[in-house]
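*Asks:* One structure coming up, written as structure tokens, with questions to follow.
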Amino acid sequence: MTVIVLSGPIGAGKSSLTGILSKYLGTNPFYESVDDNPVLPLFYENPKKYAFLLQVYFLNTRFRSIKSALTDDNNVLDRSIYEDALFFQMNADIGRATPEEVDTYYELLHNMMSELDRMPKKNPDLLVHIDVSYDTMLKRIQKRGRNYEQLSYDPTLEDYYKRLLRYYKPWYEKYDYSPKMTIDGDKLDFMASEEDRQEVLNQIVAKLKEMGKFEDDWKPNLVK
């Protein structure tokens with residue numbers, strides 16, 4: 001039984017890889033609520049006003065998901081609570097949160113992480129980070145077509161997206177809740193190429209075998 005969490009910037013392909021990987025491993029996918037998120041469009045319309053509310057919304061849903069995943073112990077999550085502070089801190093750094101909101105957010109996050117520490121299974125088994133360049137990120141954002149994410153909707157998103165990518169490297173380096181690995185999302189287009197998809201799956205399975213989570217003769221479910 002394994003719990004795998006994915007990470008990566010907006011448009012990296014986390015939800016797509018979650019579906020591919022969960023089917024391959026025979027586990028259950030957990031998807032972050034985006035299309036039915038009532039706060040996300042408001043945030044893109046007025047980031048300063050809604051940054052705190054959006055992050056509390058995400059924090060709550062990610063906390064619920066990781067609790068369920070750790071209890072079930074057989075899941076792939078397309079994003080997790082461990083990544084949450086990265087987004088809020090970036091928004092705070094560019095003036096989209098008051099000092100009071102920053103204090104409230106981190107107190108809430110601390111309380112939630114403390115509750116996870118009391119669970120029988122405290123951490124995921126593996127973090128899979130999808131590393132992409134700005135060009136790849138933008139191409140995938142354009143392809144999925146959410147209007148409020150497009151540079152044509154708000155040209156200032158260019159700075160936001162580039163800044164977000166800069167925040168990921170130190171976050172990944174500091175992450176220590178579980179073993180971790182990186183997928184090269186520029187080189188391996190696992191959404192469009194069957195060959196690349198299989199290579200990504202092979203890399204993840206090899207890591208799980210190295211960790212002792214899978215036997216050497218483990219066989220996957222068939223991927224259609």
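From the backbone N, Cα and C atoms, a Cβ is placed for every residue, glycine too.
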*Asks:* Taking Swiss-Prot at its word that E32, Q55, R79, D84, E149 bind substrate, choose the one of Y44, Y134 listed for that site.
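*Replies:* The candidate from Y44, Y134 that Swiss-Prot ties to substrate along with E32, Q55, R79, D84, E149 is Y44.
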*Asks:* Can you tell me how far the Cα of E149 (substrate binding site) sits from the Cα of A12 (ATP binding site), in Å?
*Replies:* 13
*Asks:* Within the same chain, and leaving aside G8, P9, I10, G11, A12, G13, K14, S15, S16, name every residue whose CB is within 8 angstroms of the centroid of the CB atoms belonging to the recorded ATP site, in sequence order.
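*Replies:* Near the ATP site, the remaining chain residues are L17, D78, I130, V132, M137, R140, G185.
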*Asks:* Restricting to the recorded positions Q55, D78, R79, D84, which ones have a CA within 10 Å of the CA of S16 (ATP binding site)?
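*Replies:* So the list reads D78.
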*Asks:* Rounded to an integer, what is the Cα-Cα distance in Å between R79 (substrate binding site) and K14 (ATP binding site)?
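*Replies:* Each residue's Cα considered, R79 (substrate binding site) and K14 (ATP binding site) end up 7 Å apart.
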*Asks:* For K14 (ATP binding site) and D78 (active site, proton acceptor), determine the Cα separation and express it in whole Å.
*Replies:* 5
